[in-house]
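A.B. asks: Dumping what TrEMBL says about this protein:
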COMPBIAS  21-31  compositional bias 'Basic and acidic residues'
COMPBIAS  37-46  compositional bias 'Low complexity'
COMPBIAS  1184-1197  compositional bias 'Gly residues'
DOMAIN    203-337  domain 'Nrap protein'
DOMAIN    342-481  domain 'Nrap protein'
DOMAIN    508-632  domain 'Nrap protein'
DOMAIN    658-850  domain 'Nrap protein'
DOMAIN    852-1016  domain 'Nrap protein'
DOMAIN    1034-1228  domain 'Nrap protein'
REGION    1-61  region 'Disordered'
REGION    811-836  region 'Disordered'
REGION    1181-1201  region 'Disordered'
Amino acid sequence: MSQQRKRSMENPKAKRRKLSHSSEESLRGTFEDGDSSRSTSDASLSAGQTNGHSPSEGKRLTCSKLARNGHVTNMRHSSASKLSSQQLMAANTAGGSSMMTLQINDLLGEIRPDHDKLMSGLEETLRRLQRIILHLPDVAPMTAPEAEKLLSKEAGVCVPFPNPRPGRDTKYTLEYKRPARVDVVGSLPLQLGIKSKDICTADLAITLPDSILQEKDFLNHRYFHKRAYYIAQVAAGIQRHAKKEFNFSFEHQDGITLKPSLMIEPNDSSPPGFTKSKLRVRIICAISADVFPGNKTLPTKCCLRMSDSTSPTQYYNACLRSEATTELYHRLLERTSTYCEAFRDVCCLGRLWLRQRGFGGSVARGGFGPFEWSIVCALLLQSGGSNGRPALSPRYSCLQLFKAILQFLAAKDLTDPLLLNGATCEIPKSDSPVLFDGAGQINLLFKMTCWSYQLLRQEARATIEAFSSKAVDIFESIFVKRLDQDLLRYDQCLFLEARAFLQGHHEQENAQEGLRMLHGVLSRALGNRARLVHLRYDSSLKWSIDKSLKQGTKVDKRIETGLLLDPDHVDRLVDHGPSAEDKAAAAGFREFWGDKAELRRFKDGSITESLVWSEESSVTRQVTSYILQRHFEIPSSAINFLGDQVEHVVPAPNRPLSRMAAFKVVNDAFQTLTTQLRQLEGLPLSIRSILPASSQLRYASDFTPLTSTPLHPIDIIIEFEGSARWPDSLPAIQRTKIAFLIKLGDLLSASDSTITTCVGLENTTGPASSYSNTSFLDIYFPSPQPRLPQPIPFRLRIHHDRTLTLLQKALSSSSTSTPNRTALTSTLQSTTRHYLSTPTHTTTVSRLCTLHPSLPRTIHLLKLWTASHHLTHSLPEEILEIFAARPYVHPYPYISAPASPQTAFLRILSFVANWDWTAEPLIVDLNAFSNPHHTNPSEIEGGGGLTREAMAKAQTRFTAWRQQLDPALNNVVWFVATNLDPTGVVWTQGARPPRVVAARFTALARASIELVRSRHGGLEMQADDWRGLFISPLMDFDFVIHLKKKVVGSGDAETAVAAAAAAAGSGGGGGAAATKFKNLQIDRYSSRYDADDVDGDDEVMRKKELCLDAIALFRQDLQRCLGDGVLFFYGAQGSRLVPALWNPKVLPLPLPATTTDNGKRRRGQQWRVRMAYSTIPVLNAATTGGGRGGGMGQGPEGEGEVEVEGLINQRGILAEIALLGVGLVERIEVLKDLVR
């Protein structure tokens, strides 16, 4: 136990200091403005971060994380917060809970502020304020108008009366007398605060004397009027004595308009200690616990009797009662901290957990903040269990208490009132939570609404489930990541102009009642389309003390609404209402929906009231716009929708089919083709399986199938049954495959005359030609859509399971030469990737797209963003699809999987921006999709899902790659393990992507998500801002190749491809020759030629030209000619830009003629004959002597030796690129100066 903790236990009362005229004790404490409603700036925290594997598995303790503006960056541990290796080993031995305990202990050490430094300048200010308040003169009783007029005239202070203001006929009087007590309350004396970038607040509670209050003052706002006058007198008195030292303003306490408070902030003339402390003082009011009888202010009582209404005034009563519990609950927290050792720690954790999720003590932030968390914990430590026993044990550790409180919040439905501490009153059940404390006679959750309580329960439930999930490390998700950004948290957001809705009512009661009406209407209208409708409206204000509330606040506010949608029902076009036979229900339905409701007969014979929505726009938008106009007369112009802007700013091309319709056509054609192939007779072997292996068959291509230019062949894999007749040689297997394909093509064409087939060759050159697959069968399937005259191209390849065994055997042979060994390794990787991993990946992603309707659009959005930044051909598309699937299968720390593509897209960017791929693997369980609404990975141990053991092995493999196999990240940059690929390198091995591309991908994601955050969390994003996410900066590149528009156009497929083919042909020596000589056509396309069927061969040529991608061939030629010397970036089909970078490692740029420490000149690349790239030999004078070498010569007489350096011939290489791209390249733009 620390020395500080020991001193706390020995002297409990040191944690609370009473500021009275006789007190001479110094103040000690720390705090955070957890209860303030005006906390707008982003918070920061330091958190210890570890991963969940033992040192024997290569596990190391990672550095702590700093969450700033929702951003996670690395920072070093202080020596005091480091965990020793013995502690780490003990934690791993004990299990995950012990590891979490160590992480929490490390976190608590990071987030606790320096008490002495924090309080160094505050004590003097509090003492001065205390002396001023205690020596203010009394003011005689007078009527409200007289008191207000006199105070304004003498002190220039306007009384902050809440509405309704006291009238001229008010009979009670207002007066000021010396306060009974002046105490520092809240988290300051109790040391319950954490570090924060926000301006923190010290609460100074002034207890009103009982003599100025009357027995009936709890009725009709009388107490709150007297309270407002009292706080105004205090403001006038402090201003009279210290006007130049402080800035004064009024502010609603916790967003409660009935309770204005006095804010005192430092200025340039303030004491230096107060200014440096970054603190402000909030003066609030309190009353004695027995000044008003508790039974008069119960939630079932009516205390507003200005009309004939006798409805209970729960909110008003609780606001009044909260003034009488200030000292009671402060003593409760003080007492609890003495007998429960972990109490202060769990309060700090609770503050952090709530802050990261946007909860606070103010009404606008949900009404559940650090104070409510602490009180709930304290009450459960003394009551709440069976037979009046405590629900929690004071011997619980900090982690146990934290879990127990979350479990209580998640499992206990407090809309069914829970009574503690012997409360006996009967409170009816409602949609608002009730946690009634008999000691304080108050509902502790009175500031919460039904929607904020639903959100709190869901967040608590998600965290509890995360603790029991299989995730290796959930610490960061629970305590570090910021989750209060609406565009990432909700599927759709909409804003209403507050004036249009509230119609000028500023009273908190009226605003709250109006919001409850709005929530009820929206919830009923959306039905099961929305799983949560959350409202947020900040009615609290801040204004100068010399102005009235209306004069000091001229700020337009808005009502923010967040929707969590149900993907299964959100796009439903027809809503079925009650049956026509149920007259009462049908009448209520028509009353609610008005002219939109109509009576319809359906196919099953039922006649019901119904609603029909258009499919041209978002159904959610149609529903909300109509219902708000009908019930609240809010026009559409006053409603701002957010949730699909990013899809709208990217113009969609005019296609004959929509994306999903095109995918359906392709999948239906694949199923038909599969059936026809299985029905073929005459094959030497039976077909074992036909597997999809194309992004077009998993709803994931970055282009629209059948409508893009050029057409993209759809890859499929066929596997025949095993047979001893297969050869046992890799070259012989490839020739056998060709024979199979020829036979298969002949049988298929004979069975259906509308199908055209041809055999193609690939991988016929290079050292791997003897090992790789060398043939495929192109099948041109007739399109079933009359609007799509072009055929559907399938590309079929044969997989023989013996191939992998032979490749591994040849690779392990000692007689294999080094070049062949390199070729074999590359072939083994590509074979495993294409024939084993791709089909299973296609099947899994296709199933996920069926389960989550928004996933295909999310994949398209991510690939479109990647293409707009010219990274498509540098990043494996399977990895992008895993990125896109991650928010759906692992939604935590968010409540549920996204139902909106925009929400999923922003979550992906947020993850990529914060993912440190050099030190952290990505582990995704693609089988964790059994429940689309589940918040955490599935716990299924079978069915192909990742188990904890599999995750641990993946972590071990990652450690091996980083520490032993590839520490320089030249081969594996991203380690992405899934249940389909536990090795983590199937898609990324071979520098896929290269390190420079991975770094740019991360930097672009970070810049994109920072742009969203800078626009008020995305809530103020305009169309240009969304469009800017898809505009790539080119200043980082060395040069850009501009392609001709006619060869990359997206118009008619045949016309565009013909133009591209003609351009490519002219660059190679004339396009006419390519069509004049039949043998050149055969050689060019590697197609099967039948001299007896010239017309059929022409048809084959025409269809193959549909799939000719001249730009792809051009890029392949560039890469083959320049190798790794130049790194080209290219986006999706249709992009006219090919940015490029010179590779300084392969093509070193000239070094400046600098000198090293020993005075010798640093040499550049020495020139030699037959260098791998175009160079310019340059003679440079040598500064040192030495013998002659390959690059040294004798200079002119008297000048000594010279060094011959080989400079990169950049201009020559650019000229070669232009020559190679004749007909394709429009111009080459040089962005950075060339060397020569």
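Positions of Cβ are set from backbone N, Cα and C atoms, glycine also.
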A.B. asks: Determine which recorded stretch among 508-632, 658-850, 852-1016 has the most C-beta pairs below 8 angstroms with the domain 'Nrap protein' (342-481).
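C.D. replies: Per the Cβ under 8 Å count, 852-1016.
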A.B. asks: Out of 508-632, 658-850, 852-1016, which stretch has the largest tally of CB pairs under 8 angstroms to the domain 'Nrap protein' (203-337)?
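C.D. replies: It is 508-632 that shares the most Cβ pairs under 8 Å with the domain 'Nrap protein' (203-337).
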A.B. asks: Tally of helix, strand and coil residues over the domain 'Nrap protein' (342-481) according to DSSP?
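C.D. replies: Going through the domain 'Nrap protein' (342-481) residue by residue, I get 65 helix, 12 strand, 63 coil.
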A.B. asks: So what's the average pLDDT for the domain 'Nrap protein' (508-632)?
C.D. replies: 88
A.B. asks: What does DSSP give as the helix, strand and coil breakdown of the region 'Disordered' (811-836)?
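C.D. replies: Counting residues by DSSP class gives 21 helix, 0 strand, 5 coil.
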